[in-house]
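Asks: For reference, TrEMBL lists these features for the protein:
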- 1-88: domain 'Reverse transcriptase Ty1/copia-type' (DOMAIN)
């Protein structure tokens, strides 16, 4: 999923998922290094990363719609619209 590529801006800790606990260490938590699907911060982290990528590759973000990107090449152009973690 795209959300795995987002970088977290703050430290996030999670408990061990049921069925995946480490024996004799059930009391420990994990510190996430990257965004995780279902995490509250994941969509924003993903958007920041993909936004940065598009802008650095010559796309322009629409002033009216933050998820609409356009890249011009002479008479041709490319339009990309983001919807959650999909590109149309």
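Heads up, the Cβ atoms here are built off N, Cα and C, so glycines get one too.
Curation does not apply to TrEMBL; its annotations are automatic.
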Asks: Can you check how the pLDDT averages out over the domain 'Reverse transcriptase Ty1/copia-type' (1-88)?
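Replies: Over the domain 'Reverse transcriptase Ty1/copia-type' (1-88), the predicted model scores a mean pLDDT of 93.
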Asks: From the DSSP assignment alone, can you count helix, strand and coil residues within the domain 'Reverse transcriptase Ty1/copia-type' (1-88)?
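Replies: With helix first, then strand, then coil, the domain 'Reverse transcriptase Ty1/copia-type' (1-88) has 19 helix, 24 strand, 45 coil.
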